[in-house]
Amino acid sequence: MSDALTPAPTPAPTPTPPAPQSPSTSPSSLTPPLPLARNRRFQLLWTGAAASVLGARLADTAFPLLLLARTGSAALAGAFGAVQLGATVLCGLHGGAVADRHDRRRVLLAADGIRFLATAGVVAAQLLGRLAVAHLLLVAAVVGAATAYGGPVRPLAVRAVVPPEQLGQALTQEELRGSGAALLGPPLAGLLFSLGRVVPVLGTALGSLFSFFATLAVRFDGRPAGHRRQAGDGNLWAGARVLLASPLLRATLGAALPLNVAGSAMTLAVIVLLRDRGTGSTAIGLVLAGEAVGAIAGAFLVGRLHRLAGPGRLLLAASWLCVPLTVGLLLPGGPVTVFLVLAAMNLAMPALRVMIDVLIFRQVPDELRGRVIAVTMTTMLAGVPAGTLAVGLLLDRFSPATTLLMLAGALALGLLPASCSRALRAARWPG
C-alpha cells in the first residue's frame, strides 16, 4: 500500500479510561448479519410461502377444471377466477388497514388457516358426494378474501426477519419463488387432476397448511412501527392519499399499471394468435411458459440491471421495450418466436418488482406501509379483468395481429404520462 495511507508511528499516549460506546459504534452493532442462506427465519417463511404459492397456482388450474368436469359450462369454470379476483379487490383496502393495525404474524396465520379450511372442505365434500357449484364459488370468495388480507402482510413479514442491507437479495429470492410456481403449477395441476379430481385441491390445502406451520415456527415482532392508536390510524384511504400526494409514487404506479394490464391482456391475444396458426393446446401451454422461464432467468439479473440504471429510468426503459416486443410476437417463426419474445419481455420483470418495492413501499413509514401495499396490489389487480375484457372484445372484431398492434399502441399511450415525470427519471437507489 502507499505510504500516504500508513500513519507514521507516534509516541504511546497516556492511558485514559475508555469512553462509553454508543449503540451505533459498539462491537455488536458492527457485527455483519448472517448470510441470507443461513437466516433460518427468512428461509422458513420463504419455504412456507413457496408451498402456499404453488398451491395457489394449482388451484388456478384445478378449480376451473373441476367446475368444467361437473357442469360442462365454460362460463362457470371462468366464474371461479372472477369471483376470487372480485373478493380480493373488494377486500383489498381493508386488508391493508388490518395489516397496519394488528399483529402481522397473526394476520398471516389467519389467512393461511382460512385458505386451508376452505380448500380442505372441498376435498371433504367431494369424498362425501356433496360438492355443489355454490360451494365452489363460495370457496373462491373466501380464498380471494384471504389473499387480500395475507397479501400485504407477506412482504412486511420479510422485512421483519431480514436486515435492510439484505432486503434486495431477499426480494430477489421471493421472485424466484413466484416464477417457479407459475412454471410448475399448471402442468402439475393437470397431472394431479388426471389422478383424481380433487387431488390438486388437496395439494392446495396442504400448501396452505405447510405455510401455516412454517409461519408458526418463526418468531418475529409483527406489530407495526408506531402501532399505538392515533386518530385516523385505521383510515382505509390513507394509503391512496400517500400515493396521490407524491409525484414519484404516482408516476411509478402510472408506469407499472399499463404494463401490468397490457401483459395480462396479451395472454388472451397470444392464445388466439397461436390457435389461428394451427398450434395445439399442449404446445400453446408450453409457449406461454416462456413468461415464467424469462422471469426465472431475470431473477438472476436483478443486481446487474439495478447497477445499470436508476430505478425510474429502468422502469421506463423496460416498459417501453415491451412496445416493440409486442409487435415482435407477429414475426415469422411460429411458436418458437412467440416463446422467445415472451421470455424476453419477462427478463426485466423481477428487477422491476424489486424496484417498485424501492420506489413505493420503502418511501412510506411502516405504520402506513400495509395500506400502501394494499392500494398498489388492488389497483394492479383491478385493471387485469378490464384489460382482458377489452382485448376479448377486440378479438371478436379484429384479427389477433391487429389486436396486438392496437395493444402495443395502447401501452405506448399509457406510458407517456409517467415518462414525462421528472421525479421518476431522477429517482435514485437508496444508499
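Just so you know, glycine gets a Cβ as well, placed from its N, Cα and C.
What TrEMBL lists as compositional bias 'Pro residues' is 8-21.
Annotation source TrEMBL lists domain 'Major facilitator superfamily (MFS) profile' at 41-426.
The region 'Disordered' feature in TrEMBL is assigned to 1-33.
Taken from TrEMBL, the feature transmembrane segment applies to 44-68 (among others).
The transmembrane segment annotation in TrEMBL covers 74-95 (among others).
Residues annotated as transmembrane segment in TrEMBL: 116-149 (among others). For the transmembrane segment (116-149), the list of distant contacts is 55-56, 59, 63, 66-67, 70-71, 76, 79-81, 83-92, 94-95, 98-99, 107, 110, 197-198, 201-202, 204-205, 208-209, 212, 374, 378: same-chain residues at least six beyond its ends, Cβ to Cβ under 8 Å.
Outside the transmembrane segment (198-220) by six or more residues, the chain places 41, 44-45, 47-49, 51-56, 58-59, 61-63, 65-66, 105, 108-109, 112-113, 115-116, 119-120, 122-123, 126-127, 157, 160-161, 188-189, 192 with a CB less than 8 A from a CB of the stretch. Per TrEMBL, the feature transmembrane segment maps to 198-220 (among others).
Annotated transmembrane segment per TrEMBL: 251-274 (among others), in sequence order. Under 8 Å from some Cβ of the transmembrane segment (251-274) lie the Cβ atoms of residues 243, 283-284, 287-288, 312, 315-316, 319, 322, 326, 329-330, 335, 338, 342, 345, 352, 356, 359-360, 376, 379-380, 383-384, 386-388, 390-392, 395, 400-401, 403-404, 407, 410-411, 414-415, 417-419, 421, 423-424, 427, all in the same chain and six or more residues away from its ends.
Residues annotated as transmembrane segment in TrEMBL: 280-302 (among others).
The annotation transmembrane segment is assigned in TrEMBL to 314-332 (among others).
Note on the transmembrane segment (338-360): residues 155, 167-168, 171-172, 175-176, 179, 243, 248-249, 252-253, 256, 259, 263, 270, 273-274, 286-295, 297-299, 301-302, 305-306, 311-312, 314-315, 318, 321-322, 325-326, 328-329, 331, 372, 376, 427, 429-430 of its chain, located 6 or more positions outside it, place their CB under 8 angstroms from a CB of the stretch. Marked as transmembrane segment by TrEMBL: 338-360 (among others).
Annotation comment: TrEMBL describes 372-395 (among others) as transmembrane segment. Remote same-chain residues near the transmembrane segment (372-395) are listed as 82, 85, 88-89, 92-93, 95-97, 99, 148, 151-152, 155-156, 239-240, 242-243, 253, 256-257, 260-262, 264-269, 272, 356, 360-361, 364, 402-403, 406-407 (criterion: CB distance under 8 Å, separation of at least six residues from the stretch ends).
Look at TrEMBL and you will find 401-420 (among others) tagged as transmembrane segment. Cβ atoms under 8 Å from those of the transmembrane segment (401-420) belong to residues 251-252, 254-255, 257-259, 261-262, 265-266, 269-270, 272-273, 316, 319-320, 322-324, 326-327, 329-330, 391, 394-395 of the same chain, restricted to positions at least 6 beyond its ends.
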Under an 8 Å Cβ to Cβ limit, what residues of the same chain, 6 or more beyond the ends of the transmembrane segment (44-68), are close to it?
74, 76-81, 112, 115, 119, 133, 136, 139-140, 143, 147, 154, 157-158, 161, 173-174, 177-178, 180-182, 184-186, 188-190, 192-193, 197-198, 200-201, 203-208, 210-215, 217-218
Which sequence-distant residues neighbour the transmembrane segment (314-332)? Criterion: at least 6 residues beyond either end, Cβ under 8 Å.
252, 255-256, 258-259, 262-263, 266, 270, 273, 305-306, 308, 338, 341-342, 344-345, 348-349, 351-352, 355-356, 359, 401, 404-405, 407-408, 411-412, 415, 418-419, 424-425
The transmembrane segment (74-95): which same-chain residues, six or more beyond its ends, come within Cβ distance under 8 Å?
60, 63-65, 67-68, 133, 136-137, 140-145, 147-152, 236-237, 239-240, 370-371, 374-375, 377-378, 381-382, 384-385
